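J.: One structure, as structure tokens, below. Some questions next.
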Amino acid sequence: MGLLTILIFLPLLATLLILALPISVRNSYKYIALAFTLLQFALSAYMYSNFDDSLGGIHNYEGYQYVEQLPWIRLDLGTIGILEIDYFVGIDGVSLPLLVLSTLVMLMGIGASWNIQKSTKGYYALLMLLNMAVMGIFAALDFFLFYVFYEVMLLPLYFLIGIWGGDRREYAAIKFFIYTLLGSVLMLLVIVGLYFSVINPTTGAHSFNMLLMMDPANYIDGSFFGFISNYHELFGVPSRWIGFAVLFFAFAIKVPIVPLHTWLPDAHVEAPTPVSIILAGILLKIGGYGIIRVCYGIFPDIAANSNYWLALIGVISILYGAFNALAQKDLKRMIAYSSVSHMGFVLLGIASLTAEGLSGAMFQMISHGFLSAALFFLVGVLYDRVHDRYIYHFRGLASIMPKYTAYVALAFFASLGLPGFSAFIGEAFVIIGAFNAESMATGVPRWMAIGGSIGILLSAAYFLWTLQRMFFGKIRVKGGQAWQEALTDLSRREQLILFPALALALILGIMPSLVFSKINASVLQLIDLIQPYL
Amino acid sequence: MISITHFLIVSAIIFCIGVYAILAKRNAIMILVGIELMINASILNFVAFARYDSVNYGGQVFALFAIVLAAAAVAVGLAIILNVYRHYKTIDPKNINELKD
Amino acid sequence: MNELSPISPSVASLLVVLLPFLACVVQALLGRKSISGNISLIAIVSSALLSFFAVFLPVWGNSPMAERITWFTIGQTSFEVGLLLNNLTVLMQLIVCVVAVPVHIYSRYYMKGDSGIHRYWMYLSLFCFAMLGLSISINLLQLYVFWELVGFASYLMIGFWFTRDAAVQANKKAFLINRIGDLGFLIGIALVYSHVGTLDIVALFDQTGRFVQGLTETGGLQVVQKDNTWVTLAGLAFFLGAMAKSAQFPLHVWLPDAMEGPTSVSSLIHAATMVAAGVFLLCTVFPLFNATSLLVITAIGTITALSGAVFALAQYDIKKILAFSTISQLGFMIVGVGIGAWDTALFHLATHAFFKCLLFLAAGAVIHEMAHFKAQTNLDFDPQDIRNMGGLRRYMPKTYVCMSIAALALAGFPLTSGYLSKDSIVVSAYEWASTAGGFYFVIPVTLIIVSLLTAFYIGRLIFKTFFGSFAMQSSVTAHNRPHEAPAGMWWPMSVLSICCFFPVFGLHPLAYHQTWIIQTFHARPGFTEQETAHLIIPIVLTVGTLLALLLGWFWYVKNRYPISQQNRWIRFANRQGYLNEFNELVFIKGTVGLSRLLYAFDRHVVDGATKLFTWTTQQLARLIHWFDANIVDGIVNWIANGTYYMGHLVRQVQNGQLQNYLGFALTIVILGILYLIIK
């Protein structure tokens, strides 16, 4: 059993343990969750340090590391052949940083759940199940396995929002669930289509193996998704376009892009703080990861031709999200919309198809991962104390909660792209990459890059406005004296959670090579994969 | 000239009165009377048709036979009615419904 | 001169940058435990000494040095950070250090007793770190990093008194407007990167760089054609960055508001150093500019110089007068860059740094004492309003002398440094115009007018503050009266006032060509020198300045003020040309309105579409449910019910009534007979 398997299934062990323990030891659940997550984090850190930077991965089997491939399901289907599904996991430069990020954000999530009182057994069991699914998604290389993890992820989230959420939790949970399911069900169709189009050259059977799907030679001539001599059309659209569009749609809901984003503000606002953290910190990245790994990996020909539209969607998301954030009165909703805006950069960077843009997009995902986690945690701190997060109800918090204000100011400035923090590197390189796209003739015009950069300006506007409105000025809070007493400064535990996130933002901002060195080979490999079709 | 048709019409009228009595009367005795009327209507037919059997007088013989039978049946019927009355304190057949399903 | 220092200039310059950073970190860790500011002071003094002895002296006038290390690699491109030590960068670094030291000393007294003083020292050191780092960056990306950090430090400093609404509004405004410039800078970087493929300043702009003309034939490097559209655009993008940072019209609006910060900060950040960063950037990327972008730069600079001076005429707040004066002088420098004589721009930058810093420090001393007086007498007045001052010459003679020297330098009086540097720009502008001819003379003429206006408004400031009679004379008692500033405050001022005289920059009092800055840089602008201009323009300027001062003297000291305060033009200048109102109306209201509109769109249309979809699905579900309940299930139920009712109906027959049975039997018989008959 390899390291990666252990990393994926450790949380499942934790789930079983938590379920097995009697309710009388309910105080131990959080320690179990914490211990397992810490172990996971240590494992991922070990994997990070032993990662070979020079290997690219993407469509190259040899480029993957910590690979495990075991036959999982073999079913003789008679005339159709043998159903071949593998337990196939492995990581490359695209998935490694996201794995490390996930374990870290999970740790933050556990820390933020410390005060949860409502049926802790179910809560931690579901949280650990979610943890497993997320790890599985980032590591799976068999499309069927990927899909299984993808669906397993939905279940715990639905309950976590629906049971431990705010006032309109059922609405938000259902909205979230239906939205994601809509995407994944369509994805299943494409998976099956791909399955029947691809042949494993060694066994001669159809295969769910993603790496096989990335090699044009493995496609059956004239099959539905075949590369060459493919005249299949659906409603007048070539079938490969359809496949790409459907997969993109599925992942775009997760990113989320405008106009498929409306589940996000609702889910974030209603979800409890730890779930918001995980949602923003990890789950949005699954969208970006899926686009890179699946859409671009399996459909490089379409990726090369569709990037104008992807970039356009990215720019619209950036600007639209930023303007919406500017109009918010609820702090958490504002941050949710800012996520839409910041994830737009990811899409723009991916669509630019330049090394700078893709690296910037990856970096932005990592950076947004823990920065948004920190932001949601900070909102949670305020909400914990006075059960209110309406921006107009606070003023002059800097005088009441100086430490909190310092952390908020740092997190805000880090998010708005102050150099020295990670978001700057991500956003700047997305912009530079998008600019470079015209020189590389990848089809993304310059005005989109300029549009994206206006998003940076707007993000400064809404963060600074919030900072000025809530934290500076004379003290005036809605709840009067009672609130002033309730608004205690950050506790030691809260600082312990926040400090690493912001410190990491700073470290990555100063030493971006920590991430860039790991992803560089993969990014180049991906560009090599797409380049012939440009 | 009184033809056989006239007999038959009278007989049919009597028969119908008998049927009416059986179907409509609320009194078991009146129903019995109706039965008698019907028997008598048939006897009248026998007698009327006996005109065509002038050798054996079968019609007349049957008429006598039927009268005897009818008298006996009336006696039995009255006895049943009497018993029913004792048992149910009524002779309205609507109320005597304990044999119903 | 290498023997002067035991360490190499590169290491020294790195130390110069890192010492303030270290001070910032230590101060942040100590927090309230350290309020003396000694840490920051020691750091900046060591930086200044190192900068002068170990960096400036060995490098100045010698060949440049560069050190690089790889920062990170993306794709096949490596991004590097490093130090670039050439005349320009070491001069900038030195100016920053030298101005920062007196400000640090001054701040110890000026900020004494403030409850947030530990933050003050932290921010001040952070600013010094960012500014010093900016000055010696070798990579445009690295430059951009420090460029934004400088803006961030400025944000923190403007909002230092964060409980004041005006202050936090001002710092937000400053950061956002600077962000606009930053975007320009970023776009410029992206353009250069995507066309040339490197961001290294040496590779781009040095003597052998890809943007330097005249080397087209030599060297293997392909030199960029400067008449490409993208070069113009990149030049304008960089200039947009400089416009925001150097407060050029119409992006200057943040600077007057930034005066909400402590005065010591205004003197360092918003007068001497940070605002000069834009000029520094333009000088760094100067080879990038082609004729079109240079013309735009010149035009904007002229407009800025004029509008700044005009707005300064009608301000009452002592700091706002100085702020507009700064804007106007920055306009001069930008014109200097625009006409190609960027050495004169740098020279003016250097001299301006000293005298404007001094002006602010002196103004700070005045404000400090006025506030002190206000606290003593419990009067309610604005200690920054020059209408509440007057006659302070008697109470604060040392401050008066220092400020007057700085004012004369600003006005361009002979023997001062300002005379040299301002003349250099105006004369160059004249020569430039006479080479270009015709309409271009508008620019030198405007500059001359602005110089006269400068003399007038700074004279107004001095006269209203120090001459005449004190406006609060009635409250002055033997005990309660304005004092001279404490020694710790006027010592730095006197040091700076020495720097306002010509010997610091050159031995000849009247010829700017002989100053060491101009001689070393020796930019080769594309126009011919004219002897007559060198003679006539200084005379015109000096005489004009004297006349303007004289006019001020009559108007303000002798109280022969001829114009009503309600004059439309004065109100226009006082309200800064209604630019803030315009911005508020157009940009802020516009953005906020757009954001509200989009949010409404999001809620009603986008989310509405989701809801419509949900609603449609629900309605469809209801319809199908109705069909299912009434049609599909309906048929089943109908059959069942029909059978039931039939049974119910037929069941009536079986009622135990003999008569009924007979009746039915009869009916059937009759029906049967009827059937037989009819058939």
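Residue 1 is the first one shown; counting continues down the chain.
Including glycine, each Cβ sits where the backbone N, Cα and C put it.
Straight from TrEMBL, here's the annotation block:
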TRANSMEM  A:6-24  transmembrane segment
TRANSMEM  A:31-49  transmembrane segment
DOMAIN    A:84-134  domain 'NADH:ubiquinone oxidoreductase chain 4 N-terminal'
TRANSMEM  A:96-116  transmembrane segment
DOMAIN    A:140-440  domain 'NADH:quinone oxidoreductase/Mrp antiporter transmembrane'
TRANSMEM  A:147-164  transmembrane segment
TRANSMEM  A:176-198  transmembrane segment
TRANSMEM  A:241-263  transmembrane segment
TRANSMEM  A:275-296  transmembrane segment
TRANSMEM  A:308-327  transmembrane segment
TRANSMEM  A:334-355  transmembrane segment
TRANSMEM  A:361-383  transmembrane segment
TRANSMEM  A:447-467  transmembrane segment
TRANSMEM  A:496-516  transmembrane segment
J.: Counting a contact as 3 or more Cβ pairs under 8 Å, with residues at least 6 apart in sequence, do the transmembrane segment (A:308-327) and the transmembrane segment (A:241-263) touch?
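T.: With 3 or more qualifying Cβ pairs, these stretches touch.
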J.: May I ask you to check whether the transmembrane segment (A:275-296) and the transmembrane segment (A:96-116) make contact, with contact taken as at least three Cβ pairs under 8 Å and only pairs 6 or more apart in sequence counted?
T.: yes
J.: Give the nonlocal contacts of the transmembrane segment (A:147-164) in its own chain as ranges (CB under 8 Å, at least six residues past its ends).
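T.: Apart from its flanks, the transmembrane segment (A:147-164) reaches 116, 118-119, 122-123, 126-127, 129-130, 132-134, 136-137, 140, 170, 172-174, 176-177, 180-181, 184, 187-188, 191, 267, 270-272, 275, 279, 283, 286.
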J.: Between the transmembrane segment (A:96-116) and the stretches A:6-24, A:176-198, A:447-467, A:496-516, work out which stretch tops the count of Cβ pairs under 8 Å.
T.: A:496-516
J.: Could you tell me the mean pLDDT over the domain 'NADH:ubiquinone oxidoreductase chain 4 N-terminal' (A:84-134), as a whole number?
T.: 89
J.: With DSSP, how much of the domain 'NADH:ubiquinone oxidoreductase chain 4 N-terminal' (A:84-134) is helix, how much strand and how much coil, in residues?
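T.: When I sort the residues of the domain 'NADH:ubiquinone oxidoreductase chain 4 N-terminal' (A:84-134) into the three classes, I find 33 helix, 8 strand, 10 coil.
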J.: Which sequence positions outside the transmembrane segment (A:334-355), separated from its termini by at least 6 residues, show Cβ-Cβ distances below 8 Å to it?
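T.: Same-chain residues near the transmembrane segment (A:334-355) but 6 or more away: 252, 255-258, 261, 264-265, 268-269, 280, 284, 287-288, 291-292, 296, 303-304, 307-308, 310-311, 313-322, 324-325, 328, 361-362, 364-365, 368, 372, 375-376, 379, 391, 415, 423, 426-427, 429-430, 433-434, 436-437, 440, 442-444, 448-449, 452, 455, 458-459, 462-463, 466, 520, 523-524, 527, 530, 534.
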J.: Report, as numbers and ranges, every residue of the chain located at least six residues beyond the transmembrane segment (A:361-383) whose Cβ falls under 8 Å of a Cβ in that stretch; write 'none' if there are none.
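T.: Contacts of the transmembrane segment (A:361-383) (Cβ under 8 Å, skipping residues fewer than 6 from its ends): 94, 97-98, 101, 104-105, 108-109, 112, 268, 273-274, 276-278, 280-282, 284-285, 288-289, 292, 331-332, 335, 338-339, 342-343, 345-350, 389, 394, 404, 407-408, 411-412, 414-415, 421-423, 425-427, 429-430, 433, 487, 490, 494, 497-498, 501-502, 504-505, 508, 512, 515-516, 519, 523.
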J.: Is it the case that the transmembrane segment (A:176-198) and the transmembrane segment (A:241-263) touch, counting contact as three or more CB pairs under 8 Å in which the residues of each pair are 6 or more positions apart?
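T.: By the criterion, they touch.
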